[in-house]
Amino acid sequence: MEIIMQTAQYIIELLKAVFLGIVEGITEWLPISSTGHLILVNEFLNLRQSKDFIDMFNIVIQLGAILAVMVIYFKRLNPFQPGKTAREVQLTWKLWLKVVIACIPSAFFGLLLDDWMEAHLSNFFVVAIMLVVYGIAFIWIEDRNRRVDPKVTDLARMSYKTAFYIGLFQVLSIIPGTSRSGATILGGIIVGTSRSVAADFTFFLGIPTMFGYSGLKAVKYFIDGNTLTGGQAAILLVASVTAFLVSLFVIRFLMNYIKKHDFTVFGKYRIVLGIIVLFYGAVKLIFG
């Protein structure tokens, strides 16, 4: 009987992992904060694992999401792709250089501030505030953007300086509730790129950023003396694979969506969710 109960509990944990993978796959690419959503969802799902594992889990499952970008854009990102002309190969290498340049600010500040941010800003109130602040920012920027034509409508024409500026905006995503994609897309629009260019560059910028951050979290997890059981590895794998599969659809959806729409709806969603999170955090603080 005990074995049956343990098996049932393990299956439930795997189902929770599937659900969290779905949440990650959706929210990683939409500018609504994947980490903020995972923190909130896990509050109710109550994944029965240690806090250290959950903190690592929330970051490492992003690898599944970023693999979707590599699959969808493989030909475009691969400088060794058969059939590419010399000009196309050159543009691909230049694209990667722009990505590397954009990664520099977040790599520096991420290593410098990650532990402090996690210790002091990983709470409901910070998540709620950042959801609302960026929600308002999206609505305001999109309203302004209707009267301004983008300066950069082709990623190949985006300068290295513009790439660096977008990288500076990515630094803001260190704060929980901000959204990495939200910060970089908003930053791209502010510095003059079209929505599609900002979204494309956000996807590409996520490859080294998310691989690096996930690797850092995994290394810290083991350095702190934690181990990974077979069950935990399975939970991590199931969530990552789910995030990968869902991301394949979400990325394509977003790129089709922004051809005819702006990001205002996501701004409104962030504000509503931020208010809900703030209310929930206040209730939890008062009543425990």
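We count from 1, first residue shown onward.
Heads up, the Cβ atoms here are built off N, Cα and C, so glycines get one too.
Per Swiss-Prot, the features are:
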type: TRANSMEM; residues: 25-45; note: transmembrane segment
type: TRANSMEM; residues: 53-73; note: transmembrane segment
type: TRANSMEM; residues: 93-113; note: transmembrane segment
type: TRANSMEM; residues: 121-141; note: transmembrane segment
type: TRANSMEM; residues: 171-191; note: transmembrane segment
type: TRANSMEM; residues: 196-216; note: transmembrane segment
type: TRANSMEM; residues: 231-251; note: transmembrane segment
type: TRANSMEM; residues: 263-283; note: transmembrane segment
#### Entry: Cβ pairs under 8 Å between the transmembrane segment (171-191) and the transmembrane segment (93-113), at least three
yes
Are the transmembrane segment (263-283) and the transmembrane segment (25-45) close, by which I mean at least 3 Cβ pairs under 8 Å that are 6+ residues apart in sequence? yes
Check: Taking 3+ C-beta pairs under 8 angstroms (sequence gap of 6 or more) as contact, is the transmembrane segment (25-45) in contact with the transmembrane segment (93-113)?
Finding: no
Across 93-113, 121-141, 196-216, 231-251, the most C-beta pairs under 8 Å with the transmembrane segment (53-73) come from 231-251
Counting only residues at least 6 beyond its ends, the same-chain positions whose CB falls under 8 A of a CB in the transmembrane segment (93-113) are 77, 79, 155-156, 158, 160, 163-164, 166-168, 170-171, 173-174, 201, 204-205, 207-209, 212-213, 216
